[in-house]
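Peer 1: Take this structure, written in structure tokens, and hold onto it; I'll ask about it next.
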Amino acid sequence: MLPSLFPEESNSSPSAILALADGTIFKGVSIGADGYTVAEVVFNTSMTGYQEILTDPSYNGQIVTLTYPHIGNTGVNDEDVESSRVHVAGLVVRDCSLRVSSFRATQSLPDYLKSQGIVAISGIDTRKLTRILRDGGAQGACILVGDDAQRAVALAQGFPGMSGQDLAKVVSIKSTETWTEGSWTLGQGFARPDCNGKHVVAYDFGAKTNILRLIADRGCRVTVVPAQTPVAEVLALKPDGIFLSNGPGDPEPCDYAIETARVAMEKKIPLFGICLGQQLMALALGGKTVKMKSGHHGANHPVQDLDTGRVFITSQNHGFTVDVNTLPANARATHVSLFDGTLQGFELTDCPAFCFQGHPEASPGPHDIIGLFDKFISLMAGQK
Ligand SMILES: NC(=O)CC[C@H](N)C(=O)O
């Protein structure tokens, strides 16, 4: 007998179903918690960084399928997390490694998923799944442990969609915190930078920790505030700059955050937005955001700087985009996606505010465009 392509099938892992709202059914094995999960399913093309992806709060409410086929080989560790817990609603992989091989690993991926209560499936033809999502767009899906395919399809079809979902306030911290940790280096752990420079107040809509680390690395004093903190309270903290974080869900219903962005721009406080932060700034200016077909989720997206022509390979994770044609005249496009021409960054001509749709903090991904953090520091220092 030929060895199974999915060795985990040959041991005692329970069977599981992945059903799509369009009725497609995939059979595999459970590598996570029991039960079922229902959410929008999106594909991520990163070749590394599954632990960062799992813990990115912007994935809250989404099932992620990884196009890289061999997942789990380095297990999980205590440092490669972008928040305090797993946020994806479920995980779909082609082949979950049976063996963990990394000196940093503290747990296997399946044990980690089980301990966090995350339903996940392995043994899936993720190329077929990704083609369906690429051609038909992201859609509702259900991962169900067991064999009841009909129930899984019905659950997937009941998913209401991402539009209209305000998840930023759900994942945000509940009280104000001070952030002091810098980046991690092998053998040295997390840096403890001198945080007595510019005072940045960071709105937490589901912020990835590497963003806060990169701001702290640059000597800033970082105060992190809950998503619904009134902007007047933030202004009373006398910030040198305000940061609007990434976050899950639809930006449009986040009226509290749109108001924050509007006032910060009106008061001409140096302002930097990443991903959801860009979308909130656009909405505050009277612009519009739209749901994309399959979104951008990966670590290989080329983005062009419209001023210099230079191309950066960037990390991306968004399902909504700003319609550039709806922005007012004082918003100048600075970056564009070379995959589909969507807006990747803009800045204001009459106030020190700029934003980026992708992820300059990477994690996972290339650091090509990390210089945007230095641009924020320069803005706070009053330089253009
Ligand atoms: N990473 C993010 O901030 C994502 C923003 C928003 N939730 C979107 O999907 O477009």
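Keep in mind that glycine also has a Cβ here, set from the backbone N, Cα and C atoms.
TrEMBL annotations: computationally assigned, not manually curated.
Feature table excerpt (TrEMBL):
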| type | residues | note |
| --- | --- | --- |
| ACT_SITE | C275 | active site, nucleophile |
| ACT_SITE | H359 | active site |
| ACT_SITE | E361 | active site |
| BINDING | S58, G247, G249, L276, Q279, N317, G319, F320 | L-glutamine binding site |
| DOMAIN | 14-144 | domain 'Carbamoyl-phosphate synthase small subunit N-terminal' |
| REGION | 1-198 | region 'CPSase' |
Peer 1: Looking at L-glutamine and its recorded binding residues S58, G247, G249, L276, Q279, N317, G319, F320, figure out the farthest C-alpha pair and report it in angstrom, whole number.
Peer 2: 13
Peer 1: Go through the recorded positions C275, G319, H359, E361 and pull out the ones with a Cβ less than 6 angstroms from some atom of ligand 1.
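Peer 2: Among C275, G319, H359, E361, near ligand 1: C275, G319.
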Peer 1: So among the recorded positions C275, L276, who's got the most Cβ atoms within 10 Å?
Peer 2: L276
Peer 1: Quick one: DSSP breakdown of the domain 'Carbamoyl-phosphate synthase small subunit N-terminal' (14-144) into helix, strand and coil?
Peer 2: 27 helix, 46 strand, 58 coil
Peer 1: Taking every protein chain in this structure into account, which of the binding-site residues G247, G249, G319 has the most other Cβ atoms within 10 Å of its Cβ?
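Peer 2: Result of the Cβ crowding comparison: G247.
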Peer 1: What is the set of residues, excluding S58, G247, G249, L276, Q279, N317, G319, F320, whose C-beta falls within 8 angstroms of the centroid of the C-beta atoms at the L-glutamine site?
Peer 2: N246, P248, D250, P251, C275, H318
Peer 1: Can you grab the distance from C275 (active site, nucleophile) over to H359 (active site)? Cα atoms, rounded to a whole Å.
Peer 2: 7
Peer 1: Roughly how many Å separate the Cα of N317 (L-glutamine binding site) from that of E361 (active site), to the nearest whole number?
Peer 2: 12
Peer 1: Quick one: pull the CA-CA distance for G319 (L-glutamine binding site) versus E361 (active site), whole Å only.
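Peer 2: One finds 18 Å between the Cα atoms of these residues.
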Peer 1: DSSP three-state call for L276 (L-glutamine binding site): helix, strand or coil?
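Peer 2: Where L276 (L-glutamine binding site) sits, the three-state DSSP reduction gives helix.
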Peer 1: Under a criterion of Cβ-Cβ distance under 8 Å and sequence separation of at least 6, what residues of the same chain contact E361 (active site)?
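Peer 2: E361 (active site) has long-range Cβ partners K208, N210, I211, R213, L214, I274, S315, I370, F373.
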